[in-house]
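Asks: TrEMBL lists B:Glu144 with the feature active site, proton donor. Annotation comment: TrEMBL describes B:Glu304 as active site, nucleophile. Residues or ranges marked as substrate binding site by TrEMBL: B:Arg105, B:Asn143, B:Trp313. Marked as domain 'Glycoside hydrolase family 42 N-terminal' by TrEMBL: B:10-377. Per TrEMBL, domain 'Beta-galactosidase trimerisation' is recorded for B:390-593.
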Amino acid sequence: MDRLLYGVAYYDEYMPYDRLDKDVAMMKAAGINVVRIAESTWSTLEPQEGKFDFSHVDRVLDAMHKGGIRVIIGTPTYAVPTWLVRKYPEVLAITNRGPNQYGPRQNMDISNPDYRRHSEAVIRALLGHVKNHPAIIGYQVDNETKAYGTAGPAVQKLFVQYMQKKFSSLDALNKAYGLDYWSNRINSWEDFPSMVGTINASLGSEYSRFQRQLVTDFLAWQAGIVREYKKPDQFITQNFDLGWRGHSFGIQPDVDHFAAAKSLDVAGIDIYHPSQDQLTGTEIAFGGDVTRGMKGGQNYLVLETEAQGFPQWLPYPGQLRLQAFSHLASGANMVEYWHWSSIHNSAETYWKGVLSHDLQPNTIYEETKTIGRDFQRLSPQLLSLKKTNKVAILFSNEALTAEGWFANGLDYNQVLRSFYDPLYRHNVGCDMVDPSSPDLGKYSLVIVPMLYAAPASLLARLEQYVQAGGHLLVTYRSGFSDENVQVRTTPQPGGLSKVCGVTYDQFTAPDKVGLQGDTYQAKATDNQVTTWMELLTPTTAQVLARYEHPVWGKYAAITENQYGKGLATYVGCHTSDAVVDKLVTSAVKKAGLWGADQELAFPLITRAGVNQRKKNVHYYFNYSATPGAVRYPHGAGKELLAGASVAKGQSLQLAPWGMQIVEEQ
Amino acid sequence: MDRLLYGVAYYDEYMPYDRLDKDVAMMKAAGINVVRIAESTWSTLEPQEGKFDFSHVDRVLDAMHKGGIRVIIGTPTYAVPTWLVRKYPEVLAITNRGPNQYGPRQNMDISNPDYRRHSEAVIRALLGHVKNHPAIIGYQVDNETKAYGTAGPAVQKLFVQYMQKKFSSLDALNKAYGLDYWSNRINSWEDFPSMVGTINASLGSEYSRFQRQLVTDFLAWQAGIVREYKKPDQFITQNFDLGWRGHSFGIQPDVDHFAAAKSLDVAGIDIYHPSQDQLTGTEIAFGGDVTRGMKGGQNYLVLETEAQGFPQWLPYPGQLRLQAFSHLASGANMVEYWHWSSIHNSAETYWKGVLSHDLQPNTIYEETKTIGRDFQRLSPQLLSLKKTNKVAILFSNEALTAEGWFANGLDYNQVLRSFYDPLYRHNVGCDMVDPSSPDLGKYSLVIVPMLYAAPASLLARLEQYVQAGGHLLVTYRSGFSDENVQVRTTPQPGGLSKVCGVTYDQFTAPDKVGLQGDTYQAKATDNQVTTWMELLTPTTAQVLARYEHPVWGKYAAITENQYGKGLATYVGCHTSDAVVDKLVTSAVKKAGLWGADQELAFPLITRAGVNQRKKNVHYYFNYSATPGAVRYPHGAGKELLAGASVAKGQSLQLAPWGMQIVEEQ
Amino acid sequence: MDRLLYGVAYYDEYMPYDRLDKDVAMMKAAGINVVRIAESTWSTLEPQEGKFDFSHVDRVLDAMHKGGIRVIIGTPTYAVPTWLVRKYPEVLAITNRGPNQYGPRQNMDISNPDYRRHSEAVIRALLGHVKNHPAIIGYQVDNETKAYGTAGPAVQKLFVQYMQKKFSSLDALNKAYGLDYWSNRINSWEDFPSMVGTINASLGSEYSRFQRQLVTDFLAWQAGIVREYKKPDQFITQNFDLGWRGHSFGIQPDVDHFAAAKSLDVAGIDIYHPSQDQLTGTEIAFGGDVTRGMKGGQNYLVLETEAQGFPQWLPYPGQLRLQAFSHLASGANMVEYWHWSSIHNSAETYWKGVLSHDLQPNTIYEETKTIGRDFQRLSPQLLSLKKTNKVAILFSNEALTAEGWFANGLDYNQVLRSFYDPLYRHNVGCDMVDPSSPDLGKYSLVIVPMLYAAPASLLARLEQYVQAGGHLLVTYRSGFSDENVQVRTTPQPGGLSKVCGVTYDQFTAPDKVGLQGDTYQAKATDNQVTTWMELLTPTTAQVLARYEHPVWGKYAAITENQYGKGLATYVGCHTSDAVVDKLVTSAVKKAGLWGADQELAFPLITRAGVNQRKKNVHYYFNYSATPGAVRYPHGAGKELLAGASVAKGQSLQLAPWGMQIVEEQ
C-alpha cells in the first residue's frame, strides 16, 4: 500500500441513467482514489448460464483508470441470479426455518456443488477478462460470507463426514456430547439425525463450528481461484462484518475471523455505527482492533462504512471527518463508503450513499472533499500506523456459541463489550485475540469474558500466563465446560480454580443482591448484581467484594489471587457497566498501564501508533458537541492538520466533533 | 331507493331452533324493513357438488315477504364448503406463509379455475331459483373480497402474463424496477421468480397492485353473472371494508375501492367502531366519506355495523341511535346490523347481534325500535342526503403500499387519519378522492398525505390545481418515488418542489427535535418532531416553522408557497396530532372555509346536506356523556325528531349522546 | 407403602464417569431409599431395532439392592431413539405447526402403530428382563404423557372414527357444533376436514377432548402391558404434571388426570415451584390436592420435584426441608428429586440435581441428610396422612379448553388459582374435584370458577347441591355453553340462573369500573373490575355489590341467593386478588368453616390430617425469612421433630423457613 486509500463502492449497474463520467469527475474532486465494483452483480455479469456481459465492468475500469482512480474487483457470488435458482433449485439453502426463497442475497447453500461450479465459472470468466487491466489493485472474494444457517440433507451429509473424521467412534461421540440424554444416542452413523431439531448443546455447537468451517473453506477456495489470476502486486481481501445489534457491535458469531483470514492477503471489514448524538467512536475502535488481529497486527481495509447510512445515521457536520481519521488511528489504510450514491429501488433505498438520490453535491460530499484532500496530503505520516498494545481481550466463538445455548439472560457480546468499552473510554489500547493467538506473554493484562467452553489446554495457557507474571481478569461462566460443551466435573471455575484461588459449585439469578461495602465507589443503583451470580468461596484468593444479601452475603463476588509472578482477578457476577468500568480501570492500574493518555477520558479520545517514518503519531478526537482541550503530554511534535508545532504540555483545542493529530519529532 | 332502509343480516341456517316467525314479528316491531341473507352459506346451499338445497332461502324469503320485509341476497362464495376443498385442494390459496388450511373463511385463491367454476354454478343455481321472488330488492356479490395474499404457482403465472402486458421488454422492467440490485435481474421471462420472497419494493408493490386487480376483476365477473338474473329495479352491491386496526380505521390496502365499485350499482360498506366512552363518530364519518366517493358522491349502504359487537362495544343507552343517524348524516341510505342475533357456536360467538344469545328482547332491541320508527317517519326528509364538500383528501393505495416497504416507523393510514380527524372534529365536510378522481378543481382545499409513489402526471395535476387557485396541503414523503416505486432523481419533493417552493436532499429520524417559535400554540410536549423529518430549504416558499435543534435548526420544517393563483403548504415532518390539528384548521381558514359550523367542535358535531326536497338538513350530535348546547346559525327550520320550529340563533339542547335534526324551510 | 420414600431420579447412562458405588454410598448417607431409573433411556436400552442392552439397568438394580435402596422402573417410551425415526419417520407427530423434528423428547405421535409396536417391544423386553429383581417396588409408565398436538392425517382418521361413534348423524353433528357457520358444514364423512385449521370452537374443543382421550388410552395400554409382568406388591404409577407457567401452576389442560389415573395403582406428580423469596408452598399444596384427587383421596407420590432446579430456584438454607415436609402435609408418601446429579450436556444442564456438576457434597446434599433421617425416623407418624376437607374446587378441562377459545383476556388457570390461593393462605383444606367426582354433598362449600362449558346434568347437580344445603360460590362465565360449546339459549347464567337467583344477557369489558360501597374493605386500587363484567339483574338474589360506573351502576356485580337449604354466591365480574380473597374468606365463614387454624394466615401455614395410628397430625410451616410464633390450638400432643410435649394454647416458635409437627395424643 503506497498511500491512504479513500474510496466508495460503485455500481454502474444500479444507476438510473448514464452518470459514469460525471461520477468520476465528482470523485476526483473529492480525492476519492479507489472504488470497489462488481460485488453482487452476477445477474448482469452472466445474464444467462454461460453467457457473459462485462460491459459495465469494462466501462467502469476504463473510466476509473482514465480518472486515476484504482479499482478493487469483487467476485459477484454473494447474490445469485434468477436463472441459477430456476435451473438448480437446491442452490437455495434449507435452514431450520425451511427452504429459502428467491429474492434476498445470502440465501444460498455455499456448499452446494451447482452453486460452487457456477460461482467458479463466473469468477474465472470475470477475472480472465479483466486480469490485465491496469486499474485493478486488488480483489475481494465474495462479501460478508456466512453459512446462512444452511442445514439441508446435502449439508447434513457433509456434517456426518466431518463428524466421522472428528470422532474415532460413535461411543466416543455419544460420551463426549452426552447423547444418551433424552434418548438422543446415535448407535449407527446412518441414524445420524438432522441438526435442524437438535436440543443437544454439544451437537448444536459443533454444528455451528462446522458451519463456520464451511465459511473458512469457501473463502479459501475462492481465494485459490483468484490467486491463479491476480498479479503479485494485487491483493486478495474479504469484507468481513461484525456481530450486529442495529449496527456493528461485537464478535461475528458465524465466522471464525482469524481462521478465515488466513487465505487472504489483507483483512477487510465493514463497520457501521450510530451517529449524531450517539456517535462515540467505540465501534470504529472495536472493529479496528478485531480486524487488525486477523492478520497478526497488519494494517487493514475498511471496505464499507456509512456516509449517510440510514436516516438516523445522517452525520452532523464534522462527524464524517472525525470518523475517517478514527479509522486511521486504529490502523486502517483504507476508508471506503458504502456507497457512492443512494439506490433508487429495492431493499436498501434508505441506506444512503455519499450522494443522495438526486445525485448532486450535498453537505456530505463537501465534507468528503476535505477528507480526501487530507488523506492525500498526509499519507506519508498516516499510512500504515503500527500499534503495540499491552492489553488484550481474549474472545472465542466456541464460547459465544455454547454460552448462547444456556444464556440465562446473558449475552456474550454485550458482556464482552462491557469490558471493552472502558478500555476505549480510558484510552487504553487493546488487541483482540482468540484461542489461536500464539503469544499472550507480550500482554501485561489479558481480559477474558465468559470463556464458557474451552479446551483444558487453553485454560492451562491462561494459568501459565499468570504464573509467568501476567495479570488475568476473567469473568463468571469461564472454564465451565470443555471444548465439547460438556460441563467439567472438576471444581468450578473449571480449570481456572487454582489460578484464581477460588471455587464454587452453586450459582443463582440474583434477586435484590448488591455488592457489599462499595469497593468500586458506584452509585447505589449501579452497585447491583443482576442476571447471574456465582457463590464463590476463596481458597487462596483475597476477596475484593462480597454479596450484599441476607443469605448469600457470606459468599465472595469478586476476588484477586496472587499466583506465581502474576495476579488473577475473578469476577463472579454480572454487575453494572459503571462497576465494570471501575473493575477494568483498577486492573489497568495494577498492570502498571495507567499513563498520561489515561488522564484523558471519553469524550476526549486519544489513540496512537508509530508511522512508517518510525515516528509516534498521536490522534486527539473530541467525540462531543462541546469544545474540549487536551494538555499534550508527549514529546514535541507537529500538528499535522494545521502544520503548527506542538510542545510537550501545550494545550490543544478540540472543536466539537473535532480533532488534532500530532507527529512527534 | 324509496325509503330509508333499516336492516339486519339474518342467518336462518345458524339458528339453534326454528325462530323464523318469531324473528319476523320482532323485526317488524322494531321497524326493520330489510334483511341480508345467504352470504357465506355455500355449504347449506350446495351440500354436495351439484346438489342444491334452497330450503333456508325459500322459507326466509317467504316469511320476510309476508312480513313486508325486503331481502338482499348475498352470493355465498366467500366461504368454501368442505367438499370443494376435498375435491379440489388447490382452491385453497398458497400465500407467503405457505398453503392455507381449511376452516377460516377467505382462505381461497379467487383466481382458481375450480373455485370460479363452482362459484358460478352455485350463484347461477341460487339466482335462477330466487330471481322472481318479489321480496328481493338487490344482490350483494361475495363479501369483503380480497386476494387474501394468494401467491401460489398458478397465480404467479397470471402475474407474469400481467407483467408481459405491462412491460414491452424485460430490459424496461429491469430498469424501471432496479432489478440489477442484489442480482435480481430477470433475463428471461421463464426465470421470473416467485413473488413470495421478493425484496424489491417495486416488484412487491406491483404484485400488490396485481392482487388488487384480481379483486376488481373478480367482483366484475360476479356482478356480470348476477346482472344476467337481476331485474332492472334491483341493485348489485358489495360489502367493502376499511383498513382495520381493532376496528374500521383507514383506507383498505387490499382493494382499489373506486375501481372495484365500477361494476356495482350502489356502494356498500361495513363500519365497526369503538363504543362507550371511546365512541366519537369519526369512523362513521370517515367510512361514509370513503364509500360516498366510490360511486362519485352517490348515496350508499351500510351493509354491516355493530349492534352490540364485541363485549367492549356494548353501547351505552342512546349510542345506537346516535350512530344510526350519524350514518344518515354522511349520506347512507341504509343502516344494517351485523347481525340479528348472536351466534351460538364457532368463531364469532362474541361478535354479538341485536339479540343476545337468549334471543329475547333486550335494551339494544328496545333502542332499535325508536330508530326504526324514526327512520320510517322521517324517510322523506332524510333519504338520499346530498353533500357538497369543499375539502378533499387525496389517498392512494399505490402510495400506501410503497410507503409500507420503507415505513421508517410511519404508517400511511395513521398519518392520513391524523389529517382527517381534525376536519371531522371541526365539522369540515370532506370528500375522499383517489388518483382516478377526475375533478380536483371543485375543491378549495386538497390535503395529500404521504403520496409516496405517484406518476408525474398526478403531481402535475396537483401543480395545476394550485396554479389555478387551489390550496394544497401536502406532507413529507410525497412525490418521493414514481409509479414504479423508483425514487426520483430530480430534487425532492420530487415533482412538487416547484409548486411548494422548497427542496431537500436529506432527511433523518428526529432525536430531541422540536418546532421553533411555537407557530401552532402547542404544548411543549406536543410541539415535537418525531419519527421523520426532512431538511427543507425554501426556494420561493415562506417558512412557517423551523426545527428547534442545535444542528438542524437552520432547516425549515413547514413552508407555504404562493404559486399561480393558489397556495401550497408543505409539511416536512411528522409531528403531534395537536400540531396537525392546528395545521389543518389554519389551512381551512386560509381556504376561506371557516364558517358558523366550525365554531362548534367535537364532541358537538354537525353534519349537513340537501335532501330530496332540496332543503338543507342540519344534524347536531353530542358525542359525549355531558349535556351540550348549540346556537343554531342557519335559516329557520323545523327540528324533525320533536317537530318543533327552530329560529336562527336559537339554542338547541343536546342530551348526552343525544341529537337534533333541523330541516331548513 | 410401608415407609416414607425419599428418592432421586438416577441416570447411570448420563454419568460422565463410573460413579455408581460412590453415588449409592452418598445416597445411603442421605437417607435416600428409592431411585427412579430407565425413564427416557430407550436409545441405550435398545441401541438398534430388536437389539437390547440392559447393562445400565442391571448394574444399577444390583448396586441399589446391595445398598438397600428400592427402585422404580420407568418405561423409556417418552423419548424415541434415532433409529426408530429413521426407519419410521411417521413416528414423529405432525402438528398444526407442521411435522416435528428429531431432537426433543415428546415429539412423537402416541397413536402411531410403529411407535406403539416398538414401545411394546422395548417394554416387554425390559420388564421380562428385570421382573424378578428384588429391588423393584413399582413401575412408572411413560412420563408426563400428552398427545403433543398430534394432528396428522393418520390421527385425523382416528378422530373421524371417534366422531362417527359420538354422533348418530352428520346432521346432529352439524347442529350441535353450528357448522353451518362460514360454510363449515360437513355433508359427508369423507369431507371431514383436518382439524389443523378449524375455527369452530366446538370442533376444536372436541378435538382437544379426543387428544386427552388418546393420553388416557395410551396410559391404560401401557399399564396393561406392565400389569402382565409386575408382582402383586409392586405398583404402577405415572408422573403427571400440572399446567405450566414458568413453574407448576394450574390444571393440566392436555390430560384428564382423573380419567387417566384410573389405570394406575397410585397417582404420581411432578411439582416445580419458585424458590428463595418467592417460595410460598402454594404449588406444593395445589399439586398435592390435585394428585390426591386422582385416586379418590389416596396418598400419592411426588415423582419429581426440584433440588436445586434452575439457577433461580437454588433454595435458601432450610427451604428444601420445608418443601419436603410440606409435600407430606398434603398427603404425599414419597418425595423424589429430579434428579440426583446435574447433567453435563444437552438441554437440561441448568436444571440442577441434588449434586452440582462437580458431583461433590454441597449445601443441598447436606440438607437432604437431615430430611432423609427424619423421614426414616418419623415414618410411623407421617406416612399415609389422611385428609378430610369440607371445601372443594370443581375444575373442568372441558371448561378450560372451551374458555380458551373465547378468552377475552381471561385465563382459566389464573382465575382458578385466584380462588384457590386464598384457601391456602387461610389454612382452609381443599379437595380438587372434577365433573366425574361422585359426591359433592360431603362438602360444605364448593367453589366453581369459570365453568364455561358443561352439560345440563352437571349444572343440575350443582343446583341440587345447594338445594340440599350446600354453599356454592360460582363465577362469571359459568354455565354459558353446553358440553358441545354451544351457547345456551336459555337465560344466563345458563342452567344456574335459578339457583343463583340472577340473570343477565349482556356483558362487557370494564373500562374504569369499580365496585360500589367497598363491600370487601379493599384498597381503592383493588376495588376494581377488570377484563370482564356481566350486567346482572337479581331475580331472587340479594346484591352483595353493584358496579361503580355512570351507566352500569344499576347492575349487580356480586349476588347471594338462598336456595332450598343452601346458599349460592354468584360473582359476575373479574376483580382483584385482594377482593377475591375477601370473597373466599367470607364464603368460608358463611359455610361455618372458620376455625382456629384460620386465625393463622400465610406466611404461617398449618396443614393437618390423620395418620395411620388414627392420630391427628398438625404441621406448622413458616414460609418467610422472619421468625414466627403460633399459639397451638388443638389437643395436647408431641412435637415430632424435637420430641417435646405440646400443650393446648402453648406457643410454638417457627424459625425462618422453619417448621414444627405436632401429633395429638
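Using N, Cα and C of the backbone, Cβ positions are placed for all residues, glycine too.
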Asks: I need the most crowded of these active-site residues: B:Glu144, B:Glu304. Count other C-beta atoms within 10 angstroms of each C-beta and give me the top one.
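Replies: Result for the most crowded candidate: B:Glu304.
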Asks: How many Å separate the Cα atoms of B:Glu304 (active site, nucleophile) and B:Glu144 (active site, proton donor)?
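Replies: If we compare the Cα positions of B:Glu304 (active site, nucleophile) and B:Glu144 (active site, proton donor), the gap is 11 Å.
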Asks: Fewest other Cβ atoms within 10 Å: which of the binding-site residues B:Arg105, B:Asn143, B:Trp313 wins that one? Let me know.
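Replies: Result for the binding-site residues B:Arg105, B:Asn143, B:Trp313: minimum number of other Cβ atoms within 10 Å at B:Arg105.
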Asks: What does the structure give for the C-alpha distance between B:Trp313 (substrate binding site) and the residue listed as 'active site, proton donor'? Integer Å is fine.
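Replies: Roughly 21 Å, rounded to the nearest whole number.
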Asks: Distance between B:Arg105 (substrate binding site) and B:Glu144 (active site, proton donor) at the Cα atoms, whole Å?
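Replies: One finds 11 Å between the Cα atoms of these residues.
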Asks: When C-beta separations to chain C are restricted to under 8 angstroms, which of the recorded positions B:Arg105, B:Asn143, B:Glu144, B:Glu304 qualify?
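Replies: Among the recorded positions B:Arg105, B:Asn143, B:Glu144, B:Glu304, the ones whose Cβ sits under 8 Å from a Cβ of chain C are B:Arg105.
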Asks: In the three-state scheme derived from DSSP, which category covers B:Glu304 (active site, nucleophile)?
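Replies: Where B:Glu304 (active site, nucleophile) sits, the three-state DSSP reduction gives strand.
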Asks: What does DSSP assign B:Asn143 (substrate binding site), in three states?
Replies: coil
Asks: Compute the average pLDDT of the predicted model within the domain 'Glycoside hydrolase family 42 N-terminal' (B:10-377).
Replies: 98
Asks: Looking at substrate and its recorded binding residues B:Arg105, B:Asn143, B:Trp313, figure out the farthest C-alpha pair and report it in angstrom, whole number.
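Replies: Largest pairwise Cα separation, rounded: 23 Å.
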Asks: Secondary structure at B:Arg105 (substrate binding site) (DSSP, helix/strand/coil)?
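Replies: Going by the DSSP assignment, B:Arg105 (substrate binding site) belongs to neither helix nor strand, so it counts as coil.
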